[in-house]
Amino acid sequence: MQRWRLAVGKTSKDLQKLCGTNYPVSIAFIVVNEFCERFSYYGMKAVLTLYFIHYLHWDKNLSTAVYHAFSSLCYFTPLLGAVIADSWLGKFRTVIYLSIVYVIGHVVKSVGAIPDVGDSTVHVVLSMLGLVLIAFGTGGIKPCVAAFGGDQFDEEHTEERRKFFSIFYMSINAGSVLSTIITPILRGDVKCFGGDCYALAFGVPAALMVIALVVFIAGSGLYKKSPPEGNVLVRVCKCIGFAIRNRWNNSKKSPKRSHWLDWAEEKYPKRLIQEIKMVFRVLVLYIPLPMFWALFDQQVKCYIHLISFVFSNTQIIVSISLKGSIQFFLFIFSPLKKMAAGMILAALAFCAATVVEINVIVCTFSNIASKELLIFDFCRFINTHTENINITVGTEEFYAAADYGISQNISVPRGEYNGVVCKTNSDQYLIDLGLLDFGAFYTVILSKESNGLTFKKMEDIQANNIHIAWQVPQYVFITAGEVMFSITGLEFSYSQAPASMKSVLQAGWLMTVAFGNVIVLIVAEGAGMEQWTEFLLFAGLLVAVSIIFSIMAYFYTYVDPDQLDKIFREDTDDEKVESSDGKKNEAVSLTDMPKQTKM
């Protein structure tokens, strides 16, 4: 214990403050660390599906499934990180050690994207190994960094701590927005090893994770470091198991108790029992929440292949503006009301997406060519000339055999094609195809006339004519919903957790994201529905879930975990001793603590 006294010697009262405020200087290092780590994580994920399809040559269904499986693993592993932090290493050292694992995962992933390193099997093995290490690294530090930041504040500075979580979440989104812009550019615009530079696109996030680790270590002397509380998870499990066994064996002999966990009072301290009650009540409240993340992560399914398209830029613009302005409204309502409102806004976003989807299919992963129009247009040529013709449209090559030969259907980017080269064995011609627009399917008939080669362009499938502004409402709703839901849930998880289980409850919050990805895999990947039907299904499910959550939240009573220190002033072992006059200690229930309004 002596080494922890040295590490924990600095209290929050002694911490340096930012510019005369109540914000510790140490949180600046934590926020910068989170920005770099999120840049690293989302930068890697921004090109991950494209890497699966174009580099590993997996089909789109397998790529999407592996993507969601990886996302799920990233949000299941926080429980492991929380147990290590609260039971063994403490939050500070857990973040450092698992960040090293994180960096190694990024390096392995980058090496796997170098074509000269082994064959395709080696690339797959290195890629999967890298992703597993990244999942354990990012998942392990997720609950620790947020809880560690909350630990830096004095007990009485709850308002500053609440604002810190908003700033913390803004750093998450700033890192994700910038990385989503930069890494696809590195992949597509920079060429290496004779193709798209995935090694660089994965290498830059690795460098950012190294910076995140260095920044976090640099603030070491400024942090308030709380020691681990021993093996919390084991004690909790033993206490629960004893309560169940004791109730089963003695329920008929002993008088009824107010809560089933009270049956553990014969062996375990009342403080531990109250802490478990607090955590259980919050975890039960989390049961409906994965449906929100199931909707939120549907964005990936639809828009991961549109990274270079203007729709993605629309999301970035809307996200930056909204995530800055909505912070004000976060302080108007109580936490659970904000979360319920966020769920309704997310459902409205998918209703708006359904309206757009019905008018124009922009996200279909079918193998049918006419449904793969996405951000390209398709073109084919019919040659009525007596000679074979080779046609060059931009960077694409078409071949149409003589005497009514038909070329392949090939997609070309939207643009004006004024100097299309048509070569025969005896001559070369230039034709002006004009604009080839988004989502259209063109057939061009080539004919030989006395004045040269003539053509007739037919538009078999009309170009998309839905204005891009129709994309804005769904992004407004989903971004507002995310801010209302996610920031609030992050702070709520910290504020309602006892000191010894803050990382554990943060992990419980993050696991709702993991189960949301599992829902996507089960429902979205297995249902085989039309995209707009799937959108409407998820929106309806989220509305139903938000009603259930609102009813559960109405009966939830807010508690102040810090009051436990005032209620239980003696050591937990001394709490089991009865007073000399034979009177028994009365159980302290959660209703004895100061509470706020419902919802």
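Each Cβ is built from the backbone N, Cα and C atoms, and glycine gets one as well.
Listed features, source TrEMBL:
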COMPBIAS  577-586  compositional bias 'Basic and acidic residues'
REGION    571-599  region 'Disordered'
TRANSMEM  39-58  transmembrane segment
TRANSMEM  64-83  transmembrane segment
TRANSMEM  121-145  transmembrane segment
TRANSMEM  166-186  transmembrane segment
TRANSMEM  198-218  transmembrane segment
TRANSMEM  278-296  transmembrane segment
TRANSMEM  316-333  transmembrane segment
TRANSMEM  345-368  transmembrane segment
TRANSMEM  429-447  transmembrane segment
TRANSMEM  468-487  transmembrane segment
TRANSMEM  507-524  transmembrane segment
TRANSMEM  536-556  transmembrane segment
Checklist line | seg_contact(the transmembrane segment (39-58), the transmembrane segment (507-524)) with at least 3 CB pairs under 8 angstroms, min sep 6 | finding: no
Checklist line | Maximum Cβ pairs under 8 Å to the transmembrane segment (64-83) - stretch from the list 198-218, 278-296, 468-487, 507-524, 536-556 | finding: 507-524
Notebook entry, point to check: By Cβ distance under 8 Å, which residues at least 6 away from the ends of the transmembrane segment (198-218) in the same chain are close to it?
Noted result: 29-30, 32-37, 39-41, 43-44, 47, 51, 55, 95-96, 99-100, 102-103, 106-107, 109-111, 113-114, 179, 182-184, 186-187, 190, 192
